[in-house]
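What TrEMBL says about this protein:
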{"type": "DOMAIN", "residues": "15-108", "note": "domain '4'-phosphopantetheinyl transferase'"}
{"type": "BINDING", "residues": "19, 68", "note": "Mg(2+) binding site"}
């Protein structure tokens, strides 16, 4: 049974994606590329959140992992017209992440028969984990 066939057995679930990231990789990329890296990964709304955080590196690493997990769930990776700027992960009043897909990412979700994307984020020390679900 393929993954797609397995998900047809779970009502409402279209696909999942996950990412595990050592935040030191993001720290190194930030040291090498500076603000260009931030602007490549984060949308303007996410950049405002990034700049307001007590630990901006942790926030940036979580955003990166979330977008990788979402791109995997969409089945595209960061390719095929789906880029970091089309995957936006904001926070609600309680700090929980919520996803806004735009452009090719939103089109891909619709083509898969989905209506929404969810993401969960965790961290422990230097490790960041993101789990995405499409329904």
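Cβ atoms here come from the backbone N, Cα and C positions, even for glycine.
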Taking 10 A as the limit, how many CB atoms besides its own sit near the CB of residue 19 (Mg(2+) binding site)?
20
Hey, what's the Cβ neighbour count for residue 68 (Mg(2+) binding site) at 10 Å?
22
For a three-state summary based on DSSP, what are the helix, strand and coil counts in the domain '4'-phosphopantetheinyl transferase' (15-108)?
55 helix, 18 strand, 21 coil
